[in-house]
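Chemist: Sharing a structure with you now.
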Amino acid sequence: MRKFVFLMIIETIHIILKILIIVIPLLVAVAYLTLAERKVLGYMQARKGPNVVGVYGLLQPLADGIKLFTKELVIPHYANLFIYVAAPVLSFTLALIAWGVIPYDKGVVISDLKIGILFTLAVSSISVYAILMSGWASQSKYAFLGAIRAAAQMISYEVSIGLIIITVILCVGSLNITEIVLAQSSGIWFFFPLFPVAMMFFASALAETNRAPFDLTEGESELVSGYNVEYASMSFALFFLAEYAHIILMSCLTTILFLGGWLSPIVFFKGGPAWFGLKTSFIILLFIWVRASFPRMRYDQLMALLWKSYLPLSLAFVVLVASLLFGLNGLPPS
């Protein structure tokens, strides 16, 4: 009995350490992504960005974190207290859970599920509930309208993302994320044969994460700040962390599905987490560049882009890829 309890304790400690090894670097990455975004936007707009706190502003995320987490938690008088507080916690928790199946290298993953890509899509889809909860519980018309917009936008573009993922799955024959990466080890990443699909996935990822030019949920001239307008201090910080964790997650998925994950683009260089980080950083830089370069779309244009363009195109690519694979050499083994 004692041996069993001892083994259970050891196993629990092992699981906690694996989770912390993933979560702590992720939180640091999210913190410094905010600084990187402000710096890049600053240089694109002919200014320097944050450069006062620490050397070259490197301590700015720490200062922002201390400021937000030490402020008073202000709860609106008519808000539903439990749902109001639970929404940012749920959003942040789901943003972390999705990382449980993301491999940084072969074997470097918390849980290498056989249905890993489906798990990631499912967890990402559930996050829309946290946004709806925040908009409804705030008892604010601006927050509620922002939440409805966000829900409609995220649910719509998840359809496109799902069909695009099916296209890649057809080429691989597996829902396992590690196998999706290894299927590209022959030297041809899926970005090249599936270039239009990759472009649609990136645009859908922008819409899924509510980023410019699809940031209709926080149109300052209309909704002040969107679904989180009534949030401040720690609760606002949790929404903020969840949003940027989701951006990094979608960048990682783009890298995994179309850019070969941790595989090296140069034959005589060994692949690894460094290559995975470089490719993901490049996709994140594209997110920031798009924000600095393109104006916000109208809401009707946003919805028309999906339902009239991306949905038929992504469905057509599913049929085309399946037909080509079946006609030429048969579908990959399941």
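Just so you know, glycine gets a Cβ as well, placed from its N, Cα and C.
Under the heading transmembrane segment, Swiss-Prot lists 4-24, 82-102, 115-135, 161-181, 187-207, 222-242, 247-267, 268-288, 311-331.
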Chemist: Mind pulling out the one from 82-102, 115-135, 222-242, 268-288, 311-331 with the most Cβ pairs under 8 angstroms to the transmembrane segment (161-181)?
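Modeler: By Cβ pairs under 8 Å, 311-331 leads among 82-102, 115-135, 222-242, 268-288, 311-331.
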Chemist: Counting only residues 6+ away from its ends, which parts of the chain sit with a Cβ under 8 Å from the transmembrane segment (222-242)?
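Modeler: For the transmembrane segment (222-242), the far contacts come to 27, 30, 34, 65, 68-74, 76, 79, 84-85, 88-89, 91-92, 94-95, 127, 130-131, 134-135, 138-140, 142-147, 149-150, 210.
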Chemist: Short question: which residues 6 or more past the ends of the transmembrane segment (268-288) have a Cβ under 8 Å from it?
Modeler: 33, 36-37, 40-41, 104-105, 108, 202, 206, 209, 211, 247-248, 251-252, 254-255, 259-262
Chemist: For the transmembrane segment (311-331), what are the same-chain contacts with Cβ under 8 Å, counting residues 6+ beyond its ends?
Modeler: 159-160, 163-164, 166-167, 170-171, 173, 194, 196-197, 200
Chemist: Report, as numbers and ranges, every residue of the chain located at least six residues beyond the transmembrane segment (247-267) whose Cβ falls under 8 Å of a Cβ in that stretch; write 'none' if there are none.
Modeler: 26, 29-30, 33, 95, 98-99, 102-106, 120, 124, 164-165, 168, 177, 180-181, 184-185, 187, 189-191, 194, 197-198, 201-202, 205, 208-209, 211, 273, 275-276, 279-280, 283-284, 287
